[in-house]
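These features come from TrEMBL:
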DOMAIN    1-141  domain 'Nudix hydrolase'
């Protein structure tokens with residue numbers, strides 16, 4: 001049976017310099033794991049019994065980044081399912097997109113992560129070394145650009 005995990009790709013808008021494109025001021029939240037290869041990823045985790053996928057995404061975000069659902073605005077129309085092997089077993093990860101209501105809200109990491117960064121698209125793609133996550137971040141950015 002495939003392992004199933006859910007999470008949120010979280011972004012914030014910086015209110016700094018006016019720019020020609022609204023997406024220029026967008027940064028994505030990535031967390032660095034404190035285990036394994038210390039890879040960078042959006043908050044995500046395994047679905048608990050009795051939980052639906054979206055509940056899992058919000059619970060994991062609260063556990064891993066300290067962000068309550070009330071601090072986030074779920075963006076309609078974006079949902080991405082990734083499938084890849086982990087230790088020889090299939091894994092499915094479903095991501096939704098959420099915007100920080102307060103771009104300065106504090107991130108409180110759990111023991112599962114040792115660092116976090118807010119990164120623009122280019123840097124986020126460098127930190128997210130897995131190609132499927134890089135593609136997903138670019139898709140999110142394109143999706144946000146198309147909504148402007």
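The backbone N, Cα and C atoms fix where each Cβ goes, and this holds for glycine too.
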Residues of the domain 'Nudix hydrolase' (1-141) by DSSP state, where helix covers H, G and I = 38 helix, 58 strand, 45 coil
Across the whole of the domain 'Nudix hydrolase' (1-141), what does the mean pLDDT come to? Round it, please.
-> 92
